[in-house]
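Student: If you scroll down you'll find the structure; I have some questions about it.
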């Protein structure tokens, strides 16, 4: 359809050329009015009394030169729009405070989308038309010309009729596109029609044939008014501030919003008056999350790397993009620049490969490290090895490193045997060991630790010279990996142990699948101990967010660690903070050490030392030996007495331990519950000292017995979404970092992929990258001079894009001045008036890039705002800036000279009036298409979309025909 529109435009130009030959110029002066020297290009002399052949030859030559100049304008406009995208994509950080959650920092754009579209974006897409109008006035000595104003009107007609006609039919079959921001579209459409009505009024009503200063200045003032009212409509300031109660009551008494967007806002729970930037951020992020889930469902077996690459392309391609992006993309595909998104993703992928290669180079450094850096050993272990590893480095390298032990809470000599020495790693060695001996004693004490440190790394060359590896220069050939200190924890094993969690609060990510929560046993590891546990609901619901579980953890004799496994259910939320609890119950000593008498003797000796009385100690020793040593049977009976509670605890405690409280007796009962001996075991009472010893040696819970588990969002999933949001910022796609990058892009040709191509094949696999075609190479060779010329423009990274903005708009101005001169002289050779050349040839040349950009936008975007809404905004801005600035300057100049600024309202006024009438019809049709029968401005049923497209095309042809007939005095005008 785009090609059909272009051929239709060419046919219209041919018809107008024929009309020029058939019609009259209304006066003899009109025949040579545009045969004058231009501001930059002088007229090709001689220009009078030329033969038909000469005129045709010059006309064809000028035609191709002007077309090539338009191609150059499109390329430099590419750079200009890139700078605008970088400027308007600047972001600010806002902190969102959330009840019950940590504050969240969100990056949102500084520029409002509507404001940027109507200011810099509109200036970028319409810069040739606006600058042509201003330059023409200056070139003619501040006198009115026909080329600039008629180009603005002709470009507006082509944009509104032909571009929308193409966009209506290119939508995939069965789909529609609607305006998302209908209120903004209504505002910009109103201003676009008003702009041309106002232009007609100042031409033919207020002061016919003359433009006064107030008319020119007021025309310019309408520009900020347009931006302001559109911004107010975008943020719904009237609805939110002045009409807060526009609701109706439903049949069940509920309040229902009168507008669909307000209802959607209420359903989403967003408060009125929320930051529009934050609201847009949340909407975009939710779209990205849904897209991620869709890709996972379609490709369940795709590799993570391919999934990430595909997700990046899809999210950037389908994500929200500006009109500047589509304009630049259309131009680059036209000139053999390829797909912007694919090239940028491939570039980032190559960066990742370069980083991997750099990492590989760094891997040539020999690394000495502790493997692992933390050891937990029992006091009775005797000796153990600390492993020091070696990885990487050049071949044939001998590495030496010193080691020594250092006290922590454990003391050298009494708790461990200190060591000190040097480890030598020969070229074939991958590991070395340091053997450390732990001193075992019978004294109950807290867990202790000490350190083994590595230091003084050095290498030995083949000739025996020992040197510091960090002083060789460049990357070190060897280095100590952090941490360079091993921590050795000594667990006292003279106690059943203290059980618990390291902390009372843990966090897990929702995509982990299951939680493995570690329990620790310290201060002893004697016997088999059972720890009951259970999960308790919090805000997280059982079997919806986590696996409800109740069970037991068994610690075997000398076992110091165990894990509780709980299933975690992934709900794929971007932000999440649900929690539940795991609670431990009192431990049960299921099986103590085999020699119970030995541990009782240990505890008794400790108690004796604690009392500090040698006499009492001897008495205790005598009593204990009498109680514990008679026979095997009596010993077994004592064990049974310790493992099995009395049938009458109250009687036992009264007769044997009158000083013990009932609380202690209950605790002792819970400890020995379930510990039963053989059938021949009998129950005997415990002495007070035995009970105290038993109390000290029994297992117990530590400080943290209840742990809160908070389920947080997956950082991987959140990171992917955040990265996609960042990548969807087209500033990354369009921006350049250096002149070198720009010149490389100028010299490289890429395949201009079709817009409708899918990134994947039918089997879900990524398609092979396409090679550039003949047309790509032809356009590349044709445009290389322009590409190299405009590669000299400063990169967009300089001064936030403003350097590119200033230099690019200057170059656009220079080219526009040349095009204005050539177009006027082209009319001289083929007999076309400036007014007709402007509304047809020049308007078409300036609007072709916008045509391709709108077509791609209509196909790829979810809504019609970029394809339709920006057309109306640009049309209004063209008048308010192009006419307002040019005619204000001229009016002020003539006022200063004491003269009047005269503008012939004839052909321009007639052309504006025709456009206004047809624009009303076009807007009315678009509004009617939002009805249920069609559903949106673009797309819809096949018959209706083609009827609409043909109607819009006929409006443009009618506009051209009537304007040309009036220009050649075939029909009467004003």
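First residue shown is number 1, and so on along the chain.
The backbone N, Cα and C atoms fix where each Cβ goes, and this holds for glycine too.
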Student: Which range, 754-775, 776-797, 798-819, does TrEMBL list as transmembrane segment?
Tutor: 798-819
Student: Averaged over the whole of the domain 'Calx-beta' (356-455), what is the pLDDT?
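Tutor: Across the residues of the domain 'Calx-beta' (356-455) the model's pLDDT averages 83 on the 0 to 100 scale.
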Student: Please indicate, using numbers and ranges, the residues of the same chain that are 6 or more beyond the transmembrane segment (118-139) and have a C-beta under 8 Å from a C-beta there.
Tutor: 38-39, 73, 77, 80-81, 84, 87-88, 145, 147-149, 151-152, 155, 188, 226-227, 230, 322-324, 327, 809, 812-813, 815-817, 819-821, 842-843, 846, 849-850, 853, 870, 873-874, 877-878, 881-883, 885-887, 889-890
Student: So what's near the transmembrane segment (184-207) in sequence-distant terms, Cβ-Cβ under 8 Å and 6+ beyond its ends?
Tutor: 114, 118, 153, 156, 160, 215, 219, 222, 226, 229-230, 233-234, 865, 868-869, 872-873, 875-876, 878-880, 883, 903, 905, 908-909, 912-913, 915-916, 919-920, 923, 974
Student: Please work out which recorded stretch in 151-172, 798-819, 876-896, 948-971 has the most C-beta pairs separated by under 8 angstroms from the transmembrane segment (55-77)?
Tutor: 798-819
Student: In the same chain, who gets a Cβ under 8 Å from the transmembrane segment (213-233) while lying at least 6 residues past its ends?
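Tutor: For the transmembrane segment (213-233), the list is 112, 114-115, 118-119, 181, 183-184, 186-188, 191, 194-195, 198-199, 202, 206-207, 873, 876-877, 879-881, 883-885, 887-892, 895.
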Student: For the domain 'Calx-beta' (356-455), what does DSSP give as the number of helix, strand and coil residues?
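Tutor: Helix (H, G, I), strand (E, B), coil: 10 helix, 53 strand, 37 coil.
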Student: Looking only at the recorded stretches 151-172, 798-819, 908-928, which one has the largest tally of CB-CB distances under 8 Å to the transmembrane segment (876-896)?
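Tutor: Per the Cβ count, the answer is 151-172.
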Student: Grab the same-chain neighbours of the transmembrane segment (798-819) for me: Cβ-Cβ under 8 Å, and only residues 6 or more beyond its ends, written as numbers and ranges.
Tutor: 38-41, 66, 69-70, 72-73, 76-77, 79-80, 82-87, 90, 127-128, 131-132, 135, 139, 735, 790, 842, 845
